[in-house]
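The structure appears below as structure tokens.
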Amino acid sequence: MNLFSSTTLTMLFVLTLPIMMTNTNIYKSDKYPTYVKNTVSSAFLISLVPMIAFTNTGQEMIISNWHWITIQTLKLTLSFKADYFSIVFAPVALFVTWSIMEFSMWYMHSDPHINQFFKYLLLFLITMMILVTANNLFQLFIGWEGVGIMSFLLIGWWHGRTDANTAAIQAILYNRIGDVGFIMAMAWFLSNLNTWDMQQIFMINPTHSNLPLMGLILAATGKSAQFGLHPWLPSAMEGPTPVSALLHSSTMVVAGVFLLIRFYPMMENNNLMQTITMCLGAITTLFTAMCALTQNDIKKIIAFSTSSQLGLMMVTIGINQPHLAFLHICTHAFFKAMLFMCSGSIIHNLNNEQDIRKMGGLFKTMPFTTTTLIVGSMALTGVPFLTGFYSKDLIIEAANTSYSNAWALLITLVATSLTAVYSTRIIFFALLGHPRFPTSTLIHENNPLLLNSLKRLMAGSIFAGFILSHNLPPMTTPLMTMPPYLKMTALAVTMLGFTLAFEITLNTQNLKYKHPTNSFKFSTLLGYFPTIMHRLPPHLSLTASQKLASSLLDSAWLENILPKSMAHAQLKLSTLVSNQKGLMKMYFSIIPYH
């Protein structure tokens, strides 16, 4: 084993140390959160070694030491894949998680079970690392299910609240639908290719691969909250803010997109699957951006923004640019985690107030949070030379110059423009104007745990895109030339969104309240999707099952088995007895005498 493989395994091993301490006195002490945070920061520093080695030499590796099990002709080994995706993703995820854990020490300090909370966060990170470094489908599935169950536990952390429990069950149920697709894809690979190792699957590269790829797209739709299976993501905001920052920025929600990126050698020659992925992503990115426009809960706006960015990543995979989608995953993690943490800072200081209509004027009382929120919003919209620009601008350029569906491209551009609108809306409502919160509210943002974590992520939101894009070797052929107007499209639509938001804000400040329009209702009620999908199918299945139960069980089976069958038997007996009355003399006369 060389330095490359040993540091990768050391990084994974170091993360498991605090979990092993569960039965010791450290776990019971109040130093445990600090211990977990230091462990994650150490793992981050260790993970930089293979990343630097990779950027200098381009070295990739598969660590396949442990033979696991042999089933007839299938050999399963515990193997780790240290390639472009896992080596780059690990430091990003660890850096973001380190900041989130430091933020959690401030945000969750009064929680009586804070040690268990930190253990859950760490377990969540470990399962994500298993998913990212897995080299066969079975190992990947362990990580896949791990992030699912940990998200259930973390979303339902405040289990005394009905909304939190409902949201946790909703998340797990929507993910079950995706898991069915994953299991079906695994079954297809096993029965047709007799292997779960990724190298062998890609080497065989079956020509008729529509079925397994459809299963993988269904899995990605469930995990990455694409249109149709998206309602769980805004509902998951019922969990604590650090959970929202960890799940919905860098880890769980990108797992679905990451799965499709892993399988890009199979998808790159399959035009049908690419078109499906692109159209699905385009619908998601526009629909969720529209939903974000009229929400009033600050966390829900950022959650819909996450879903919109995931749709953009799916579009990127659909135009055959998986490495670009991966770059967007890495850059997006920094500013999205920071946006969630800024909202957490505001919510915590305003005594758990999440409605942006009850905020305002926070730029005076919370200057640092204001700065980070504005930087994060600008990075999200793709303002030049911030982190988001380096991936988002490239995605729009690649989409503009690709020979693919112009409809998908057009609605992606509209969604990009809407990103600027809802980002501006948060800034106007929460930070500017007059304070609309109670005057007795005590606001202080002088805790180093909060400030240091936000500072680190703000540095990432400004510089990470530049560092990543200039140090990672290009894996796909970049676009050589394009007209200037195509080059400027992304910036133009973003500026259009900003202008539109400013214009609407200035014009509507003095207007009287009117009856809401149909488009406003559509956006506020999330396209009527939860209302229809969470009411009609359960109602139909419930009434159908009640009718079946009452007509088949009560009316037919239960009545026939006891009351009616007994009555029928007694009726026959009584009829027989009554028919025999007065016939004794006749029977005696029949008896022959000898």
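Positions of Cβ are set from backbone N, Cα and C atoms, glycine also.
Over in Swiss-Prot, the protein carries these features:
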TRANSMEM  1-21  transmembrane segment
TRANSMEM  114-134  transmembrane segment
TRANSMEM  137-157  transmembrane segment
TRANSMEM  171-191  transmembrane segment
TRANSMEM  211-233  transmembrane segment
TRANSMEM  241-261  transmembrane segment
TRANSMEM  272-292  transmembrane segment
TRANSMEM  301-320  transmembrane segment
TRANSMEM  325-347  transmembrane segment
TRANSMEM  366-386  transmembrane segment
TRANSMEM  409-429  transmembrane segment
TRANSMEM  457-477  transmembrane segment
Check: Does the transmembrane segment (137-157) reach the transmembrane segment (241-261) with at least 3 CB pairs under 8 A, where each pair is 6 or more residues apart?
Finding: yes
Check: For the transmembrane segment (114-134), what are the same-chain contacts with Cβ under 8 Å, counting residues 6+ beyond its ends?
Finding: 8, 12, 15-16, 18-19, 22, 27-28, 32-33, 36-37, 39-40, 79-82, 85-86, 89-90, 93-94, 97, 100-101, 104, 108, 140, 142-144, 146-147, 150-151, 153-154, 157, 240, 242-243, 246-247, 251-252, 255, 258
Next item on the list: Test the contact criterion for the transmembrane segment (272-292) and the transmembrane segment (409-429): 3 or more CB pairs under 8 Å, pairs 6 or more apart in sequence, then answer yes or no.
Entry: yes
Checklist line | Leading contact stretch, 241-261, 301-320, 457-477 vs the transmembrane segment (409-429) - CB distance under 8 Å | finding: 301-320
